[in-house]
């Protein structure tokens, strides 16, 4: 996908395979960077300054540039986001097409009628297995991608998601599971679309996609999810089939997801507020590329959007993250 689809698209959009400025070769600093620390404290900086007869600020700039050398290029991040965008878009339309004719999509009480003796169709099976395989890939790639400030949150999220998919499949709770999966996919491809527009330097389109993503995310995760999904798993299931042994674990995982939804919704609202105050979406707090000087920081803040420097690797892509501040379920 990267070689034959994503990369040709990126090149056609003018995205070059070039990373940040490389730090000038220096054996002493390189040894400190690779064997001691990538972010020296003030005392070590002063010692290096005396040893090399360099200004402390120059040494700090060298370490920033050296750290940035290991970060993925814009082309790499574009390809990763395009892969996630493609998957999320296809799996969402597959899920919504499948659920449109499913009775439990219109009446959630159908999720529990005749449980656990409900048939597992081939379409439902492939839907589940595809989602599970994708989230396992996000889980593994998170450890090889750039570590971000929300690493722990994303790790918990992936664990909860994989746990829910596996647990619901083993216990044949696949009907309500399909509702959860489809609901989460609806906003994910919008975030990846915003990242793609940002990498291609279509800032207005990027901001528009991000704002649309924010609205859809909040409506689905803080509105539909608790009042539609949690309502049927917490109350309708209790009423129709009683407190089955796995009820507590299943709903515990679903509530964990809701807590993460609240955290991410707060971050999205904060970013949207900054956008309204400044006239554009602000620079991503999780940026994985550091400016080489204070002047560059100021320039970056005034010219780039929220997704300008990050990549959810997860979507390790995630990664994940992943270049926005919010990464996909």
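Glycine too: its Cβ is placed from the backbone N, Cα and C atoms.
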To which of the residue ranges 85-105, 274-294, 295-315 does TrEMBL assign the term transmembrane segment?
85-105
So what's near the transmembrane segment (248-269) in sequence-distant terms, Cβ-Cβ under 8 Å and 6+ beyond its ends?
153, 156-157, 160-161, 163-164, 167-168, 171, 173, 180, 213-214, 217-218, 221-222, 225-226, 229-230, 233-234, 325-326, 329
Kindly report the helix/strand/coil residue split of the domain 'Homeobox' (29-73) according to DSSP, in that order.
32 helix, 0 strand, 13 coil
Along the DNA-binding region (31-74), what average pLDDT does this model show?
81
